[in-house]
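So that you can see what the record holds, here are the features copied from TrEMBL:
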type: TRANSMEM; residues: 47-68; note: transmembrane segment
type: DOMAIN; residues: 62-311; note: domain 'G-protein coupled receptors family 1 profile'
type: TRANSMEM; residues: 80-99; note: transmembrane segment
type: TRANSMEM; residues: 119-141; note: transmembrane segment
type: TRANSMEM; residues: 161-180; note: transmembrane segment
type: TRANSMEM; residues: 218-240; note: transmembrane segment
type: TRANSMEM; residues: 261-281; note: transmembrane segment
type: TRANSMEM; residues: 293-313; note: transmembrane segment
Amino acid sequence: MPVHLIHFSNPLFFFTRCPSYIEPQNLTRVSEFFLTGLSDDPELQPLLFGLFLSMYLVTLLGNLLIILAVCSDPHLHTPMYFFLSNLSLADIGFTSTTIPKMIVDIQTQSTAISYMGCLTQMSFFMLFGCLDSLLLAVMAYDRFVAICHPLRYLVIMNPRLCGLLVLTSFFISLLVSQMHNSVVLQLTYFKDVEISHFFCDPSQLLNLACSDTFTTNIVMYFVGAISGFLPISGILFSYYKIVSSILRIPSTGGQHKAFSTCGSHLSVVCLFYGTGLGVYLSSAVSRSPRKGAVASVVYTVVTPMLNPFIYSLRNRDIKRAMWRLFSKTI
């Protein structure tokens, strides 16, 4: 008889012992997991294949254009665009962690993923997801310095500090990813081998685990604090200072000009954290893991795809740089 998945509607990282009526499967005998995907309907598979392939290619093209535009135009060799190019690189990695595997699974009609493959995918998902979050916080700090300390901006945001901020964000993300992996490697039993998602979502895998280790809970809350609470706190504090500084500008035109430099970043922040919060709330309210998987498409695919459009459409410098780039290639 198949083993049924117990769904938890409480916080994402929740551990419990296996109920007595479930026969746990030893990890040493589990060589692979099975991803349920977004739909079991065979008629929808060609549509999903075309849709996600198109979205993935648009994401790659858009973010690569941002990187090339920033690298090729000397006018964009500033801290803000340096961080933007790194964010685009992180978005490419974030999307490439999940979507190519999903596209291949739809094409081959296979749902299996090896245990090591699942662990690797989850590791990179955590790495690039945390890096995205930290880079958005770094970009908020950059806008805070530019607006609140404009005369000292280039002195404070010097190339050495910019490089250090990006490297620190990467190594913190790597630490978070490896800490998460260490938790998963300690799991010895699973209630099921079927993951109700289109990729190895950390919360889904941990919900399948039979464990109530106190240390594991502490580590996971620590991971959540580093990858979520601290970046959000930094962003909120930066924008509190930015808004306070803008309100002290006497002219309305000056206020609008100052705040317009934050418009693109603020839009991306709202999109990234808003969709993430929406997925969390939908998974907490809904008893269906499949609905949570559908909702997570927004922040794993749609958000990285829209970021280049948000920055290019709202930024004249990026548009000029892209136009020069196209002119050189034609």
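Just so it is clear, glycine is given a Cβ too, placed from its N, Cα and C backbone atoms.
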(message) As a test: from 161-180, 218-240, 293-313, pick the stretch that has the greatest number of Cβ pairs under 8 Å with the transmembrane segment (261-281).
(response) 293-313
(request) Could you tell me what the rest of the chain brings near the transmembrane segment (80-99), counting residues at least six beyond its ends with Cβ under 8 Å? (result) 52, 55-56, 59-60, 63-64, 66-67, 70-71, 121, 124-125, 127-129, 131-132, 135-136, 138-139, 142-143, 146, 162, 165-166, 198-199, 268, 300-301, 303-305, 307-308, 311, 317-318
(message) Using a Cβ cut-off under 8 Å, which residues of the same chain at least 6 positions beyond either end of the transmembrane segment (218-240) come close to it?
(response) 12-13, 126, 129-130, 133-134, 136-137, 140-141, 143-144, 172-173, 175-176, 179-180, 182-183, 206, 262, 266, 269, 273
(message) Six or more residues beyond either end and a Cβ under 8 Å away: which residues meet both conditions relative to the transmembrane segment (47-68)?
(response) 38-39, 84-85, 88-89, 91-92, 95-96, 99-100, 102-103, 106-107, 301-302, 304-305, 307-309, 311-312, 318, 322, 325
(request) Restricting attention to the domain 'G-protein coupled receptors family 1 profile' (62-311), give the mean pLDDT. (result) 84
